[in-house]
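Accompanying notes for the structure given below.
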Amino acid sequence: MPFRLLVPFGLLCALLPLHHGAPGPDGTAPDPAHYRARVKAMFYHAYDSYLENAFPYDELRPLTCDGHDTWGSFSLTLIDALDTLLILGNVSEFQRVVEVLQDNVDFDIDVNASVFETNIRVVGGLLSAHLLSKRAGVEVEAGWPCSGPLLRMAEEAARKLLPAFQTPTGMPYGTVNLLHGVNPGETPVTCTAGIGTFIVEFATLSSLTGDPVFEDVARVALMRLWESRSDIGLVGNHIDVLTGKWVAQDAGIGAGVDSYFEYLVKGAILLQDKKLMAMFLEYNKAIRNYTRFDDWYLWVQMYKGTVSMPVFQSLEAYWPGLQTLIGDIDNAMRTFLNYYTVWKQFGGLPEFYNIPQGYTVEKREGYPLRPELIESAMYLYRATGDPTLLELGRDAVESIEKISKVECGFATFTETFLTERDKQSKWSGIPQLLLKLYATSHLHSDFTECQNILKEISPLLSMEAMAFVTEERKLTQETTYPNTYIFDLFGGVDLLVEILMRPTISIRGQKLKISDEMSKDCLSILYNTCVCTEGVTKRLAEKNDFVIFLFTLMTSKKTFLQTATLIEDILGVKKEMIRLDEVPNLSSLVSNFDQQQLANFCRILAVTISEMDTGNDDKHTLLAKNAQQKKSLSLGPSAAEINQAALLSIPGFVERLCKLATRKVSESTGTASFLQELEEWYTWLDNALVLDALMRVANEESEHNQASIVLPPPGASEENGLPHTSPRTQLPQSMKIMHEIMYKLEVLYVLCVLLMGRQRNQVHRMIAEFKLIPGLNNLFDKLIWRKHSASALVLHGHNQNCDCSPDITLKIQFLRLLQSFSDHHENKYLLLNNQELNELSAISLKANIPEVEAVLNTDRSLVCDGKRGLLTRLLQVMKKEPAESSFRFWQARAVESFLRGTTSYADQMFLLKRGLLEHILYCIVDSECKSRDVLQSYFDLLGELMKFNVDAFKRFNKYINTDAKFQVFLKQINSSLVDSNMLVRCVTLSLDRFENQVDMKVAEVLSECRLLAYISQVPTQMSFLFRLINIIHVQTLTQENVSCLNTSLVILMLARRKERLPLYLRLLQRMEHSKKYPGFLLNNFHNLLRFWQQHYLHKDKDSTCLENSSCISFSYWKETVSILLNPDRQSPSALVSYIEEPYMDIDRDFTEE
């Protein structure tokens, strides 16, 4: 092959950026230095091979490891390499090569040389190296850049070309003899590019040498071509330079014409020549009018504009770069993406590509490692900074190195070479199979042969995918999957996408069809490729039309499982959430699912209805959330909200989810055959690693039943080597249970998300109506909180940072659902049974207080049945939970949500009677819990349980009956106020209420309770207040720690009620000074309160929660904040009055770091 690879290496160095973020082979963002180093190594592999095997010939023949002359015996590769050596920083080698060239290159030789190639490669190579030399640190001659050895060589070579321009038209011959000039018998027919590709080098040479002859002849040649264009503004690709008549009248932008247009633009930029640019722009109009079709450029007849060749040539790949140079970025990107699609299809650009057929042209399949597409990517990236363009650089490195690297350099990629290389590289015949697949999958194919080829490919990839799963997802550095990699590298993924989407194409009004079996094979192969290569999944995710199309394949039961699994993988990495309302006939699609399909579909829904994670470190801060909410208000509902609404509009959707969530295991098995059930199991292998679960459970059951297996008598035959046992037609019961658990956790997740969405009240009503809660209550002992195996089965759920077994995940999802269901909603009483509701009424009656209205309004036909309601069952398992169990956090959250909102004495007493307070205190004090999450949830629950409840404080005092216990309790509180501040708030509010009540029972509690006595002390309150303000800042406020700010406000509001607010502020000022941080705390508090005003301005739900939980009107909250933020320094209740002028810093922007 011609040794042109040095050019792409230089361009790849220019394309791969110095900054971080270039995508790696798996779609991740590795250090770009990795790829730059690889490009450098590839260059030297080729360069060193040339020096060792081919010098002083023009070029290396890498397959035979020798050299040959091609364009004039100039050691052309060395000249080509000069500027690349400087780009790579190899100054010493550059200087050595310059000396070698001066000693060895002689232009006075009897050789016929290409005028075009000698100019662009010899003259151009020498000039660029000459001009780069000083910048690269090479010592140059005095008078540089107008003198120097390389300039002199360039001038000498160019003068050898001048005789070619001595024609009647001024257009040069294509070939010249370096010693004798143009041969008498030389053909006058020259390609257009061979005439119009001199202005850059020759104008530069005239400028540096002072001799105008070079620029003059180049301009004359350009003008003659311009004058020879057709009436519709096009030029052909070969012309007679003696007569000026067109010999080949095919007009296009590819071979024979390409660099003419390129030099018009680059010449215009170099010389700041408006005339040259005007000439190109006129050509550009004609090219767009006559040759452009769907951002491809075809060949047309130059006089009529009719299509002559509907092909794309690899040389045309320079065009997006040229469009970029003139500022036509949008068209450049669209054309580039067309060309890049071809690259992905073949792992390189074939010389000719038939656009209508979507395949290579026979005998022109090879890829001679041309640099044009890489150059276009470089220009586009420099213009846009779009990191997706770097993928070409990555793909070029991977393709060239994997496909073309041989012992002595890099060889042209041809079909013959593919076959030979396959023998060495063990590609399992995949490239050849793909070539056959391309040839047999055209639009008019019946796909018979195509399906046979897919059957050959499928097992090659499925074995690797199975290895990927069973080897517990080893890192790619440790395990490689060559078949899936090669399949993708040679365009297999893109081809299967095209095949699958054939039904979207109409020919003569009829839709194309492919069989379900073929679709199934395509989907399986795509999925297996995705399993082993993350980058494939990300690429598929970018094809939104394909993702939407996949949903339509779920209408067939034969392809449902494969489609659902592939969609789930794709949506898991998709940057932008898909909109379900774009799925054709969504309502009909979902309504026609059977229950098993709907359960599987919930895995997809889990991704489509949850708000996407932004990926920022500060994504959970209130500042970020408020900014996102403002943005959302201007943009309308999010995709997740739109998807939730779309699902809720499907008749019977929520009802079916409720039935799925509450059905018993025996109801789920039906009459499904063993193979059908096993296939359903297989769909979970991707994310859930259920293959491991399946194997372990099966092994456990096998070992358990081993003793009951009757071995055959000696000599008895055994078919397939198996003992004679009764045939098993169904999966083991333990597997069925786990299968059902995994379905239910997905269904519960979807219901939970819907419960927290905009249509919460609608979902609440439907969940109650369809008896989800009593149904879950009936499953509680046998399935949800069943005694689970100690097996270390792992499930990778929606939170990829948490690896849990299916049993554990179901429990957590169940508790999250209960929390969402109970939180601030009157339907929470459905968690009780009729007897327990009567108990609530009796508590209210005994206390002589009005019965809770929500209890009276509860529909008794929808509550739990049986001896115990769901809340009571939860309390029972909560009290039995081991001290170190992570379930404690979720259990406490679920129970606390039952108490949230307006404080209910009856609710509190219901839980107190069941020993909840004693359990909480045992965990906090006696077990000395260390988990911050569990402590926080227990403190929050304890606060809601005790708030305003004298009986609860009496129980507390009875349990914490020694100073030692009380000190342990205080230690836990003070160890992290972020965790315990809600309890501090509840006790503070309770103290305030008790102090204003005249009641013997209350007076007794006030006098005896250690906790109330402790909180009542001003120094204690000031200590809490100082620390609560000090541990939060506007930039770090989250939904979790904003409670610290509200607790601080509660303390100050109650102080204001007692007209002690100035005292508390004065004490805060003193504490600041004692800590030697004057102004720091109060400035911070001032900023926090400013944020509080903005945050709660339009938060009706949040402000109502504050009001209900504190029994302080929200107007009083706002008044207190306004008083504290009063700018009047004379006000005794204004923060600014206590900040000394030198330390004043109250106007800081919230976005400041």
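Even glycines carry a Cβ here, placed using N, Cα and C.
Annotated in TrEMBL:
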- E117: active site, proton donor (ACT_SITE)
- D258: active site (ACT_SITE)
- E351: active site, proton donor (ACT_SITE)
- E372: active site (ACT_SITE)
- 705-729: region 'Disordered' (REGION)
- 1-21: signal peptide (SIGNAL)
Checklist entry - In angstrom units, rounded to an integer, how far apart are the Cα atoms of D258 (active site) and E117 (active site, proton donor)? => result 14
Checklist entry - Given the active-site residues E117, D258, E351, which one's Cβ is surrounded by the fewest other Cβ atoms within 10 Å? => result E117
Checklist entry - Around E372 (active site), which residues of its chain at least 6 apart sit with Cβ under 8 Å of its Cβ? => result S314, L315, E316, A317, Y318, G321, L349
Checklist entry - What is the interatomic distance between the Cα atoms of E351 (active site, proton donor) and E117 (active site, proton donor), given in whole Å? => result 19
